[in-house]
Amino acid sequence: MAQKSGRYDLTLAELSVHYREEIQPRVSSAVGAGLFLCMFLFMWIGTNPYPDIGAVTGVTAKAADSSSFNQLVTLFLTGGFLICGLNSSMRSVIMQPRILMGLLFFWLLLTALLSAHPMIASKKVVLSILTALNASIFLMLPQSERQMARLLAIGSLITLAFAYFGVIFMPQRAIHQGTEVLEPMLAGAWRGHYPHKNAAAASLVLMSFLGLYIRKRGLPITGLVIVALCVFFVLHTGGKTSTAMLPFIVVMSLVFVRWKWTRVFIAVGGIAAFNIVAVGAAVFDPLRELVESLGVDASFTNRSDIWKLAFSAISAKPIFGYGLDSFWKTPEMVYAGGGGASWAVAAFNAHNSFLDMMINAGIIGLILTLIWIMILPLRYIREAESTDNDPILTLLYIRLWLYGLYMSCMESTFFQNGGALWFCIMVAVFGLRLQAKARLV
């Protein structure tokens, strides 16, 4: 009996070692890969592809609109991400730098509680925290850089299949129609499974950068196919900003990496100059005349009226703002006119992330956000260069980051939790910090 017991105990020990050293890593790898791919598809495809925007018949107050199914998916994914993240040896990097992020989200919650719509704003803050948490864990899920490249390739090809399937087989849902009430002038512009051509263009430009990275990570043909399909689609969206941004960011990122002295000028000076000229032209006549003299539309496709209204709103509440999602599309804005006669009261946002951040959380909220997503990444990039971490991966993060910053000058991206652009900005910032502080093997 003693011998039997000994053999039995030895067998259990061997099974335990086998499970711990071979089976458990494979299960963890499969679960992590599955969650990574699910989050990718959630951000690039969503839960409601091919929305019928022809059914939108007019302007309504929609600030409180939120999909319950989206919230459930977010909670489910967050739970899975947390389990994987907390069981990882790299769990200490989750939501770093925690003091800064704690201050930022505390301020956002405070402004939400002080807003005219505290429930709307507070719900948005909670969702923003969950999305940031997921972005901070996202890069920890792949077991290696090679696996991450393969997962990005799979997710990109699935997304592109959705986009082209809609254009070919569901053109009434994937191409803007002249019968649309709100923007009939967009007829013929491709939007794929996205609600708007601009959303499609922005998402596929991001995917182009992923394709360039995939090409360098052992999948050259797949990467080139992804880039080619993305560029072809973006050209058919008619999205001028995104179309121009793609080559601009590719070139600027190479300049940024090669000549270190240009970095502050590109990442801070360029953003500041663009905002001063573009947004300033909306309120300062000399700047508007200067822009017009260069042959540029000084209204920036009718954004100037929105920016004037945004400045008026900021001047009324410069410290605390109005709370996340508690200014645009609220009943008092849509139905009471927001104190102005301009059509801009019907806008969904300010079409400028920096203005919207001041509207949402005041000047303090903007400063904390800029420290997190603009200033600290410059330090991370400098520190990453002194490590042996992969420079190709660092270049990917730089491209995603710069594209997000420059697009933020013309679109509202900060804390827009349901889209790929804000998620990619956060992933890029967390990724740059990982490149500086840790190692992805």
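Glycine is no exception: its Cβ is also placed from the backbone N, Cα and C atoms.
Features as listed in TrEMBL:
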type	residues	note
TRANSMEM	27-47	transmembrane segment
TRANSMEM	67-87	transmembrane segment
TRANSMEM	99-119	transmembrane segment
TRANSMEM	125-142	transmembrane segment
TRANSMEM	151-174	transmembrane segment
TRANSMEM	194-214	transmembrane segment
TRANSMEM	219-235	transmembrane segment
DOMAIN	226-369	domain 'O-antigen ligase-related'
TRANSMEM	241-257	transmembrane segment
TRANSMEM	264-284	transmembrane segment
TRANSMEM	357-380	transmembrane segment
TRANSMEM	414-434	transmembrane segment
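Across the range of the domain 'O-antigen ligase-related' (226-369), the DSSP-based residue counts are 106 helix, 0 strand, 38 coil. By the count of Cβ pairs under 8 Å, the stretch nearest in packing to the transmembrane segment (125-142) among 27-47, 241-257, 264-284 is 27-47. Tallying C-beta pairs under 8 angstroms between the transmembrane segment (27-47) and each of 67-87, 99-119, 151-174, 219-235 places 67-87 first. The stretch from 67-87, 99-119, 219-235 that makes the most Cβ contacts under 8 Å with the transmembrane segment (241-257) is 219-235. Where the transmembrane segment (357-380) meets the stretches 67-87, 99-119, 151-174, 219-235, 264-284, the count of C-beta pairs under 8 angstroms peaks at 99-119. Remote same-chain partners of the transmembrane segment (219-235), defined as residues 6 or more beyond its termini with a Cβ less than 8 Å from a stretch Cβ, comprise 149-150, 153, 156-157, 160, 163-164, 167, 190, 192, 200-201, 204-205, 207-208, 210-213, 242-243, 246.
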